[in-house]
Amino acid sequence: MPLHITIYSKYPLKCSEALCGHRRYSPRPQGGTKCGEILPIPMDCRLGNHNYIPGDVRSILSHGRTDGMYSYKKSLLDTGVFAVKLKTYNLCQNEKTKDFRKIQEKRKKKKETDDPEIEALSTRLWPPFGHPKEEINPGDIKVFTDLPISKKTLEGLKAHNFTTPTDIQRESLMFGLKGHDILGAAKTGSGKTLAFLIPILETLFKQRYTPSFGMAALVISPTRELAFQSYDVLKKIGKLHDLSFGLVTGGMHLREEAQRMHSTNVVICTPGRLLQHFEQTPNFTADELKILVLDEADRILHMGFKDTMNAILESLPKQRQTLLFSATQTKSVKDLARLSLKKPIYVSVHEKAKETTPATLDQRYIICEMQDKVNTLWSFLRSHRHKKILVFLSCCKQTRYLYQVLKKMHPGLTVLCLHGHMKQHQRMEVYHTFSRKQHAVLLATDVAARGLDFPVVNWVVQMDKPENTDTYIHRVGRTARYEKSGEALLVLLPSEEDKMVEDLRKRKIPIVKLKVSKKRVFDVTKKLESLCASEKEMKDNAQKAFLSVMKTLYVLDKASFQSVDVEAFAASLGLVQAPKLPFLEKSKKIGTVSKKEGLAGDQKVHMVAEEQEDEKESDGNTSTEDEDSDEDEEGEEKIRKDIKSNGPTLNFGVISDEDDENNDDEGKDDDGIYKVIKNVTVEPEILGHEKIELVEDGRSRKKKSRAKEKLKLLKYTKRVMFDEEGNVEKDDSEDEEQGLNIDAAKQRMRDQDKLDKEEQRKRIREMHREKRLKQKEKRRIAELEKRGQETEETEVILGSAHGENEIEDAVQDSDVETNDEDRNDIGSDQMNGSDDASSDSDEEPVPKRRRLEAEESDDDEEDTESDDEIDSEAEEDDEVVETQTIAREEEAVLALLGGNS
Ligand SMILES: Nc1ncnc2c1ncn2[C@@H]1O[C@H](COP(=O)(O)OP(=O)(O)OP(=O)(O)O)[C@@H](O)[C@H]1O
């Protein structure tokens, strides 16, 4: 059925405007159609460079604006439209004129202020014929004001303390401002974001863009967090411009975004979401695009995003400026051809640097068996409680499980996690919390590996080997950013060492080998076991984590996969028994099928993709030519000496108050902890990347795994056995096999509890003893001094020569009593957080308070965040208890004195 569209407008519209109006054309009040007039759609409708097909709804809606000037009665997605009916609002003449005047006045004012500046800037950048050419040498650029940048941008930069450009900004900005295509490469944390945001603002300013003009610049980022970060910086520095900025990432409301898209000048987005808008948002086109930026270009152009990016690039006009930035820039001709770059300028400021990673970054690695990783991580966190740490793990499920476990075990600092299976609002919350915190640990997958600029991260710990050296560079780049220092620790399996170290060496990444001091690694296996036994969800997650890690390892590195002691690794995650590895069976089957039938390349899928997040890519085929580097012989010699004299150790230890105190001293954490055993020096060589592909059909795998899950659930159904007399018998062996022997687990928990309490008691006893001795010593000295001054008469009053011994005995008795009470309360409160009636008395206010803390801390987020407070309160509590002990000692002394007298 033919369809009529009614378009309501404040002003009469011309037919061409209504049908195929260009967003850059403002509505004209004069002329146009009469209200209520029905117009047939002309067969050949043309305006400027744009051709519109009659009846194409997009062309009708393309005039859409969200600034209130037009509104449509209907938003139509139907085809077959052949006529439009235009209607004006029933506005009085005055209102029409007032509105229009306002707009005109604003434009006039803007023109007056901006035009001379735009002209001056343009002259500096592109001097007209006859004008002297201004050559700006990057070396001469000391401050941003030396560059032809608008006042609005300069003020925005200054307001956020950006006054001196970094190397990459100095080298690339002139090209960017002049409109060249750029391939920018610089170390992590060197300020690449401003190097592409400034040219965007300046180009749109010089072209007099306003929000109603629609999208003119696109920044594509690989992750939502990175997109948000760039959007945040853009908002800050572009605050004074009359431009609109929009963040378009997954996890937001598509419809709300769609409404704003038409009036957004700079869109910062992730590839998937952008494509969704191209496909689903009526009226959204990129016809007016002037600048395209690919942040982390090598990542965006490879594997995971390949098809999406190809589709996006097809929708973009070829006539545009393209800027590509990354710390590991692609030089692949194929990639560049896809982007239709025009004479791109390669700006690589650190290419000739001695090292690929920041000079202020200390890099070490340790060798650790799979089953020791959790203990190592725990011990590391306990000994770095006053640091901000980013821990990288290989897959989401492992990240989630370790996060749950660590939160329950309270390492003494805030525990957070970030991975691709989290909801968007949770991801953003974690991003902000970790940015804000001074001391925290963030467990993350590679979703946090690139671009994120968390302030002052002290440590980057890679618990699992990165896929390749590029990922390594980006991961460690989360610390030691912009003139700050940082430390990185890479944990390798013995089988991974040779290749990884060699790859790093080739890539000019200096790394030092350390050895772990086994003595100081705290064993938490039993705690994990208890947790798994007490909570089914925990156990399930442990199993999932186990399978996920094994699968990732299987796909990425078969040799390492085979070297893993599966049972020991499962036990280290708290599992009684190692779950079966179903993917081994599957891959065997698929292997035979693919051999027989010869699967085509596009039928093959990466098995690992299921385990890793949606946005993760496999190894790229970037190659980088490295320059010669001088070896630091002096440094090497020193290291050799160190090895001889000290021997290799890495001490984590540290679960005592003394350590806590030490940790307060920033920078002292690692003193004496690490000893160098090997220094990997870097040599220049061209890096070759390898690609691992495995075959399996994604859908059928998912179906199968769902069926398996159901089967697993069936297995959990309890089998009831009866003895000869018909009584129910308990089948312990089966429970144990399933990891469900609750009684045994409870017993294990109780044992562990006892051990923990004992340890705690010892510690407190030791601490009290030391303090008591000190106090006693002080008193004795005071006593001696006093005695020297006292008369013989006073000595007679004090009593016999046994007096002093009696006093000491009494004090010791009272000490013993007090300490026992303390021990019980502190032990039970700290370990169980349970109620203890005896601690309700007035004499014991401290444990009660702590118990309340413990109860409150059951709310997980709050819980970990208040850990530091709990720790410090615990110390205060100990002091209160100590004061009470001393008071009792004094009471005892007085009592004795009274008795004697
Ligand atoms: N000119 C400047 N003056 C002062 N600080 C700057 C300047 N440019 C950038 N920074 C700061 O340096 C830090 C790193 O910048 P940015 O995130 O742009 O680095 P990057 O090179 O993109 O890093 P990555 O490769 O990890 O993405 C940020 O905290 C930023 O605020």
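Every residue, even glycine, has its Cβ placed from backbone N, Cα and C.
Here TrEMBL flags 142-170 as domain 'DEAD-box RNA helicase Q'. Through the fold, the domain 'DEAD-box RNA helicase Q' (142-170) approaches residues 117-118, 121, 124-125, 136, 177, 184, 186, 190-192, 194-195, 198, 201-202, 205-206, 236-241, 347, 349-350, 482 of its own chain, all at least 6 residues removed from its boundaries and within a Cβ separation under 8 Å.
Annotation source TrEMBL lists domain 'Helicase ATP-binding' at 173-347.
Feature annotation from TrEMBL assigns domain 'Helicase C-terminal' to 360-525.
Sequence annotations record features per position, and here TrEMBL assigns compositional bias 'Acidic residues' to 624-636 (among others).
Sequence annotations record features per position, and here TrEMBL assigns compositional bias 'Acidic residues' to 656-669 (among others).
Per TrEMBL, compositional bias 'Acidic residues' is recorded for 723-738 (among others).
Per TrEMBL, the feature compositional bias 'Basic and acidic residues' maps to 745-761 (among others). Helix first, then strand, then coil: DSSP counts for the compositional bias 'Basic and acidic residues' (745-761) stand at 17 helix, 0 strand, 0 coil.
The compositional bias 'Basic residues' feature in TrEMBL is assigned to 762-779.
If you look up TrEMBL, you'll see 780-790 (among others) marked as compositional bias 'Basic and acidic residues'. Taking H, G and I as helix, E and B as strand and the rest as coil, DSSP gives the compositional bias 'Basic and acidic residues' (780-790) the counts 10 helix, 0 strand, 1 coil.
The annotation compositional bias 'Acidic residues' is assigned in TrEMBL to 806-823 (among others).
The compositional bias 'Acidic residues' annotation in TrEMBL covers 855-881 (among others).
Note: the compositional bias 'Basic residues' (762-779) comprises 18 helix, 0 strand, 0 coil (DSSP; helix = H, G, I, strand = E, B).
The DSSP breakdown of the domain 'DEAD-box RNA helicase Q' (142-170), given as helix, strand and coil counts, is 16 helix, 0 strand, 13 coil.
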